[in-house]
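Here is what TrEMBL says about this protein:
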- ARG61, TYR195, LYS201, ARG323: substrate binding site (BINDING)
- LYS201, HIS220, ASP257: Mn(2+) binding site (BINDING)
- LYS201, HIS220, GLY236, LEU237, SER238, GLY239, THR240, GLY241, LYS242, THR243, THR244, GLU285, ARG323, THR448: ATP binding site (BINDING)
Amino acid sequence: MSSVATNGQATGLEHLGIEGAAAVYRNLNEAALYEEAVKRGEGEIAEGGPLVVKTGLHTGRSANDKFTVRDETTEDTVWWEKNASMTPGQFAALWEDFKTHMKGKELFVQDLFGGADLDHRLPVTIVNELAWHNLFIRHLLRRPEAHELNDFEAQFTIVNLPSFKADPARHGCRSETIIAVDFNRRMVLIGGTSYAGETKKSVFTILNYLLPAKGVMPMHCSVNTTENDNAAIFFGLSGTGKTTLSADASRTLVGDDEHGWSENGLFNFEGGCYAKMIRLSAEAEPEIFATTKQWGTVLENVVMDPVTRKLDLDDATLAENSRGAYPIHAIPNASATGRCGQPRNLVMLTCDAYGVMPPIAKLTPAQAMYHFLSGYTAKVAGTEKGVKEPTATFSACFGGPFMPRHPAEYGALLRELIAEHDVDCWLVNTGWTSGAYGTGHRMPIKATRTLLNAALDGSLKNATYREDPNFGFMVPTSVPGVDDQILNPRSTWADGDAYDVQAARLAAMFIENFAKYEDHVAPYVIAAAPRVNQAALSRFAAE
Ligand SMILES: Nc1ncnc2c1ncn2[C@@H]1O[C@H](COP(=O)(O)OP(=O)(O)OP(=O)(O)O)[C@@H](O)[C@H]1O
Ligand SMILES: O=C([O-])CC(=O)C(=O)O
Ligand SMILES: [Mn+2]
């Protein structure tokens, strides 16, 4: 039940040491939070009803401002090479300063679950300074039934104060922005950023730490299924198509970003979606587009005409990473439970801006392990003119910034689950074709969907395949409904030699990145590495 505490009334936050707030609004529903957000000038209402907000300086996650407390709890369980540390003393000072900062402020609190599987879900309390942040996280996580709130006992608390400014000298951080994770105190403190994604990815970080200890695999992936439960997992880094491709009219959406895989099957950690809005097309993504016309959707950094209240989804002035947050039932064919059975297919999405990877390839279990640990995608220069060079990104487990443990731990869990459930693995490139970024173009969404559907319905297994000379995986030569040519990326390039050079460069980047795992994985995984075409590579060096 919702409650409001003012003027020294009991707030339910005393046990945390949070005292002196001007008011505490607990578990307000969507309508009430809308009203509070608008009343406070936090956002404006667009045509059709969405709440439009701006986040200012930070329009994406601040991965370099995230710190984990290093103590006896975490010393041997966190991978310190890729997780920046802070001391328990620095965290204690930060928490004191957070409590001071909250005095006299109005706070919005939600009690929610992370995880649709009753055996593995995590009750969390989220304390927000902003009403719209509270609405966002209510959309994104799993809302308890009224009776579940009676004996709700949070196992973690997340406090998010965008107006707080961290102090590098006192808190051990590097800027005024901080995301501080303390697994011993069971708290996450977020300060100095209004980008809402930080909160949902903090819950993800916690689950990524806790679940492997119970033998449950946490994954940065989307999941969808069918009436007869032909479930599929789509791994991928940001912008590779998890949200876009999992919302498919012919399949049931389980979730778009974070899932667990246990003996019971797959389960969503969340109860909502967080979709990229930039240049969203009504034709290619009708289900997601419809949410931009609905009451309830929170639109972050989407440009709106203040008079007509019409949205311009093509305008990247506020952010290239503009976002829409909505409860999962805003998508017509979403799962009511957030759960499904064991997957039959596992897809690794990559947005290869070099235009080298084929649009789909079949992976052996060893290749799947290799690509899971590599976590490859490429970032493009965005909208800047004249910048033609993409940048390769390797992010372990397709989610480095949210994975506290060593990638080999997640890898070992995944390997066992793939083998136990005999899952078919695929690599899908949603990035460039007919040349690299700057010359070619992005893979048409329609082609990607057709190829995926052939993989998921089993028909693609009967196609004829060729072996990719660089990556060693098997690539279909013909698939009904798509142009044969795009299946062979080299043939889409105007200059085949230029393709070979680019492919050799990418293969070499994979090898270089993978060196750090060689002591942690079995030889058969190392053997699944790409082969570097040395002749092509030396042509590049000579150029
Ligand atoms: N062939 C394609 N397949 C998938 N997405 C494509 C394709 N071509 C272009 N896109 C665009 O790429 C973007 C994919 O973003 P999406 O939101 O699905 O990424 P995501 O994996 O969910 O990322 P995040 O983890 O940040 O939420 C969308 O803007 C989509 O319109
Ligand atoms: O969390 C976010 O900001 C969006 C997201 O899913 C990602 O970046 O992987
Ligand atoms: Mn997404």
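Using the three backbone atoms N, Cα and C, a Cβ is placed for every residue, glycine included.
In TrEMBL, annotation is done automatically, which means it is predicted and not curated.
Location within the structure of each feature annotated in TrEMBL.
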residue: ARG61; record: substrate binding site; contacts (Cβ under 8 Å, 6+ apart): TYR195, GLY197, GLU198, LYS201, PRO401
residue: HIS220; record: Mn(2+) binding site; contacts (Cβ under 8 Å, 6+ apart): PHE204, PHE235, GLY236, LEU237, LYS242, ASP257, GLU258, CYS397, PHE398, GLY399, PHE402
residue: SER238; record: ATP binding site; contacts (Cβ under 8 Å, 6+ apart): THR377
residue: THR240; record: ATP binding site; contacts (Cβ under 8 Å, 6+ apart): LEU349, THR350, CYS351, THR377, THR430, GLY431
residue: THR244; record: ATP binding site; contacts (Cβ under 8 Å, 6+ apart): ALA275, LYS276, ALA284, GLU285, ILE288, ILE445
Those binding-site residues in TYR195, LYS201, SER238, LYS242, THR244 whose CB falls under 6 A of ligand 2, listed in sequence order: LYS201, SER238
Cβ under 6 Å from ligand 3: qualifying binding-site residues of ARG61, HIS220, GLY236: none
Binding-site residues near ligand 1 among LYS201, HIS220, SER238, THR240, THR244 (Cβ under 6 Å): SER238, THR240, THR244
Beyond the site residues ARG61, TYR195, LYS201, ARG323: chain residues whose C-beta lies within 8 Å of the centroid, for substrate: GLY60, ALA196, GLY197, GLU198, LYS200, TYR274, ASN321
Spatial neighbours of ARG323 (substrate binding site) that are distant in sequence (at least 6 apart) but have CB under 8 A: ALA196, GLY197, TYR274, ALA275, LYS276, MET277, LEU299, GLU300, ASN301, VAL302
Pairwise Cα distance maximum in Å, ATP-binding residues per record: LYS201, HIS220, GLY236, LEU237, SER238, GLY239, THR240, GLY241, LYS242, THR243, THR244, GLU285, ARG323, THR448: 27
Largest tally of Cβ atoms lying within 10 Å of a Cβ, found at which of the binding-site residues LYS201, LYS242: LYS242
CB contacts for GLY236 (ATP binding site) [other CB atoms within 10 A, all chains]: 25
